[in-house]
Amino acid sequence: MGCFASTLAAAPSGGESPVKRQLSRAESRNGAGRNGDGFARSSRPSVFLTNEHPKGPSASANADGFARTARASSAGASKDQPANGGGFVRTPRVSTKEPSTSGAGVVPMGAKAPHAWESSPRTQQEFLRGQKDVSAGSHRQQQLQSAGSSFPPGLTGEPPVAFDEGMRSKGMTERLTERHTGDAVEKPTEGRRATEEEVHFIKSALENTVIFHQFDEHIRDTVARAMFELKVPAGQKLILEGEMGSEMYLVNDGQFDVMENRHGVEVRVNHKARGDIFGEVSLMFQSPRTASVLAATDSSVWVLHRALFRTLTRKAAMEINQQHEVFLNSVPILSSLTVQERIKLATALEEQTFQPGEVVVVQGEQEATKFYIVVKGEAVVTVEETDPDINGKKKVNHLFRSDFFGEKALLYDQPRQATVTASGSTPLVCLVLNRNVFADLLGSLQELMAREKSAEVVARKMNELAGQVPWPSARVTIKGSSRRPVGVRHQEDVVGTGVCSNTTFASLLRGSSAAAEIVLTEGKLLGGGASGSVRRVDCVVNSRSMTFALKRMRKCAVMSTPEHIYCEKNITKELKHFTCMKQHASFQDAHHLYFLFDYMDGCDLMDALAAVATVQNIRHPKKPFAPKIKFLKGMPEDMAMYYIAVVTLAFEYLHDNNIVYRDLKPENVLLSTDGTALLGDFGFAKKLEEGGHTYTFCGTPGYVAPEVVLARGYGTSIDWWGLGVMMFVLLTGQQPFSQIVNGKPEDPLTVMKRIVDRSWTVSYPVYLSEYAVDIMQWFMERRSAKRLGNLRRRAVDIKAHPWFQDFDWELLQSGEYRPRVLALSEAFSSQHERRIAELEHEITHSHPSESEANIQEANAIFKDF
């Protein structure tokens, strides 16, 4: 099961408006890390859960402490302008060469002119500080409205979000599963393989898809030969709306009708014939089918399963990355680079094709800034004859696969010494590296070649290892609530063991093991979903009262993704940074897994966005006589700046420790009532090898980086892309790559096609400052080698960007920064209380079916938790 599977319970579509979400969330985070052996054994404090509800402020919580709120954007567009869900004109196909000048102030990505403070467009990382245009106007707080509410035409300052009753207490998976109608055809896992002629047909069809277009001929050939045939009789459903899909289909022959359930009636919305493909999104992540597919005639399809697709693409991506690294290892002038630097440099290589006879570089060319490695084909190297009596060119070399040329362009600004021309009967394919990109990633090559090897990094790592303190083992005792059992056998007091923080419970652990006892008083429900819940708990240790968020997960519900559970456990246990949510203990009983996290008494960042977002009529700043247009506005820039800064510091810390977060979105940034923010929910975080890559499809569809969609392997660069998307969401109230069409979000595949399509540009509303647009463009740079945060100076470049010129980074890092106090209205609080009460009722009356065999299997999987 892929990482996307559970995420869609909270975000069923990448195209969904960011102010429309699900209540069910615990199922979206099944993940964390394994408890290793070798922890020091000390006192074994008991842990009790009681059902008393202590007095104090309530809070909303996600799987780490905050409830999920379902929201839908109801902002409309003016009658004269086509608009997306945010109310501003969208130009989905703006040329990056010729910026659009029409519309309501759209600023196309990649089409801006260089600013005065940029010494060179989109390559220079030494940002100069300048005057920042900050939209600092405060907005009155708005409340979530009942479902179906709309805005009167021309009314300004209306509340921008509506509360979707149908999605409040159930995840997307559960809601759509209820729509099942009829029986689908039985889906075998094997069948007849394609003939040579059919393989050619399959490859031609695959080449037109966003997923397979980037793969070379060899990979498509391998996939085509791995697919098998499935026959579907007329009148039989191949796909059921709402079922969880894991296959992609290519129509071999016959006809299919695509049906949607609309108010209890199935309506035909599309038609599929030979060569058409459907179900591609299921290859990337598990998600409910959005429509049923019915065979109109006796038909057949070619089938590809997700598991096989992932195996093939992972292998292909690893082979390509390793091949690039081997190429770089063969270049003498790059021998001074470390393994990690060569791995990073490999991501900057771009493929370029030259037809036979085409000139690649010309002798005497002044702008020699590119270095080439031959991947396929051949080329000849010629120089001008120096003898005045001989005219023409002299052949001095013949280049084949793995050969390289132009390497001196990385070192010196000198004219080309020879001409290189593609030869042979097939195209010449080269990997190209630009000197400016090299400098942005690693700095000057001369400096890298001259440097001495230093033991600083090794010493730092050794010091970090020496400073790690093992967590003591804890004997866990749970007493079930008389009102709602926690799932343990009541005749048993001792139900398992776990580990707890040596820092949090230091005073208790110094006592004798017989006297040591941790009593957790169970309080109000904070959030929950299909796999578990989160509650506030209070604890008194040596007369000191402490409050935590207790995350409880059913083992049977999360046993399909144990790697995420173990990763979350190991990573959150080691986090020691003021911007990251800390784990204080983890333990288990016969049926559940538990995490004890920091308690945040406010809400999540999406709730804060909904509280301040408004719909306003705004005139284009450069067109004073143009009519006003309705815009959805998110947070003021100075308010959002604090949250972006917190996440920047969190990522800087995580990346320094080789941890990639992989699922940034406003729902995962948690707030206290004093405004303090923490990055939480580390279910998809992963520890990487030094400078390494991972290949898992992971994240939320609207936020994933291009390299994740294209299955090329990725590192920490994807987190900076996610920060750019989240910044756009905070400032505008919607996602940058999705639209709301007829009141419905677009399907994730459409959104991800835009993410990888370099010709598709993001539209920015006119009220954003110039610097805000610029920094988001740098974050959402599709080429990871040029992405802000992933360059040589890493997070330093972000802090130096003019958008942050008035922000006090030192004050934030000192822990003395005081953000805006979180102010949620009574109406918002009452709606939240109602949602929590409904969720409490649902959890109390939920009796999931768990066989003894499943329970035993789950206990075996989590025996080392």
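Heads up, the Cβ atoms here are built off N, Cα and C, so glycines get one too.
Over in TrEMBL, the protein carries these features:
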{"type": "REGION", "residues": "1-195", "note": "region 'Disordered'"}
{"type": "COMPBIAS", "residues": "67-78", "note": "compositional bias 'Low complexity'"}
{"type": "COMPBIAS", "residues": "93-103", "note": "compositional bias 'Polar residues'"}
{"type": "COMPBIAS", "residues": "138-149", "note": "compositional bias 'Polar residues'"}
{"type": "COMPBIAS", "residues": "165-195", "note": "compositional bias 'Basic and acidic residues'"}
{"type": "DOMAIN", "residues": "211-330", "note": "domain 'Cyclic nucleotide-binding'"}
{"type": "DOMAIN", "residues": "333-451", "note": "domain 'Cyclic nucleotide-binding'"}
{"type": "DOMAIN", "residues": "520-804", "note": "domain 'Protein kinase'"}
{"type": "BINDING", "residues": "LYS551", "note": "ATP binding site"}
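Neighbours of the residue listed as 'ATP binding site', defined as other CB atoms within 10 A of its CB across all chains, total 29. Mean per-residue pLDDT, taken over the domain 'Cyclic nucleotide-binding' (333-451), amounts to 81. The domain 'Cyclic nucleotide-binding' (333-451): residue composition by secondary structure is 28 helix, 43 strand, 48 coil, according to DSSP. DSSP assigns LYS551 (ATP binding site) to a strand. Secondary structure of the domain 'Cyclic nucleotide-binding' (211-330) per DSSP (helix as H, G, I; strand as E, B; remaining residues coil): 38 helix, 47 strand, 35 coil.
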